[in-house]
Amino acid sequence: MTGREILEKLERREFTREVLKEALSINDRGFNEALFKLADEIRRKYVGDEVHIRAIIEFSNVCRKNCLYCGLRRDNKNLKRYRMTPEEIVERARLAVQFGAKTIVLQSGEDPYYMPDVISDIVKEIKKMGVAVTLSLGEWPREYYEKWKEAGADRYLLRHETANPVLHRKLRPDTSFENRLNCLLTLKELGYETGAGSMVGLPGQTIDDLVDDLLFLKEHDFDMVGIGPFIPHPDTPLANEKKGDFTLTLKMVALTRILLPDSNIPATTAMGTIVPGGREITLRCGANVIMPNWTPSPYRQLYQLYPGKICVFEKDTACIPCVMKMIELLGRKPGRDWGGRKRVFETV
């Protein structure tokens with residue numbers, strides 16, 4: 001298939017494995033630019049020019065899991081651990097709202113200390129502020145998810161990382177792809193807006209694996225999809241591996257937009273870490289969400305999923321004004337509401 005034929009098939013929504021694999025495999029600048037343009041047009045048509053701002057508070061870097069790629073893994077003895085108090089978390093959320101955030105994202109390692117009741121109490125307090133609450137806390141029993149939904153949580157982000165069960169087990173030895181999927185299906189069933197997403201460039205990952213990720217996202221019609229490159233952390237077993245490729249990751253974002261026209265897709269912080277201006281580029285290739293770091297100092301320097309993370313040493317109230325300026329410079333506008341998924345596209 002020629003590049004033109006692939007683009008025509010994508011426009012006709014002929015999402016065969018062959019088409020997606022060819023789209024990811026072609027290493028041609030002209031094709032890539034046409035793919036990004038198509039994704040941007042679909043983004044504009046179905047989710048518009050608003051960029052939704054989700055202020056993320058990383059409230060604990062304690063984690064019971066031992067994922068091979070993650071700097072928060074429990075065997076990383078070089079990381080100074082922290083836990084924010086519930087009062088600190090709520091006050092930080094209040095400040096984000098004052099700065100204009102319409103969604104608060106609470107993210108942590110899998111830290112049993114807060115589970116489930118402390119999280120419920122925090123969610124209830126933040127919901128009084130009139131904003132959406134997204135949780136990104138990992139894999140927990142169904143009853144925890146139920147409690148948090150009853151407390152008022154609106155969304156849950158649980159990236160599947162890779163849909164290859166063998167690779168998943170190798171990289172995440174404490175758990176399995178099956179368990180991850182069961183959690184995602186439970187979250188959907190409970191009425192959460194549910195987010196998945198993958199890492200690009202994982203050691204041992206193939207183009208076929210990336211195609212499986214895209215087909216998995218399409219099959220389950222996720223409301224949110226976060227995609228970012230693998231970035232090796234020096235205090236993990238994958239320290240010496242190669243980082244994920246920016247352009248290939250960008251193509252995954254673009255194809256996700258084409259597959260899921262009205263889902264919310266962030267320009268992830270990792271994209272801005274491996275390439276200067278990477279988030280802005282991603283917002284021009286299908287993304288419509290940005291997640292400014294709202295973790296207060298000194299904690300923000302310690303939430304080390306990967307090294308070199310941007311926006312860590314800036315003033316800890318700089319990020320929301322910064323992304324608002326970024327959105328303006330792109331000719332877009334900040335979202336005016338909670339930015340939930342609006343189903344305007346009928347999936348075929």
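First residue shown is number 1, and so on along the chain.
Cβ coordinates are placed from backbone N, Cα and C, and glycine is handled just like the others.
Matching Cys285, Cys311 to the [2Fe-2S] cluster binding residues that Swiss-Prot gives (Cys319, Cys322) identifies Cys311. Over the domain 'Radical SAM core' (49-268), the average per-residue pLDDT in this prediction is 99. By a simple count of nearby Cβ atoms, those within 10 Å, the most crowded of the binding-site residues Cys70, Cys319, Cys322 is Cys319. Looking at Cys322 ([2Fe-2S] cluster binding site) and Cys70 ([4Fe-4S] cluster binding site), their Cα atoms lie 27 Å from each other. For the pair Cys311 ([2Fe-2S] cluster binding site) and Cys70 ([4Fe-4S] cluster binding site), the Cα-Cα distance reads 19 Å. A gap of 28 Å separates the Cα atoms of Cys319 ([2Fe-2S] cluster binding site) and Cys67 ([4Fe-4S] cluster binding site). If you take the C-beta of Cys63 ([4Fe-4S] cluster binding site) and look for same-chain residues 6 or more apart in sequence within under 8 angstroms, you find Cys70, Leu72, Arg73, Arg74, Ser108, Gly109, Glu110, Asp111, Gly138.
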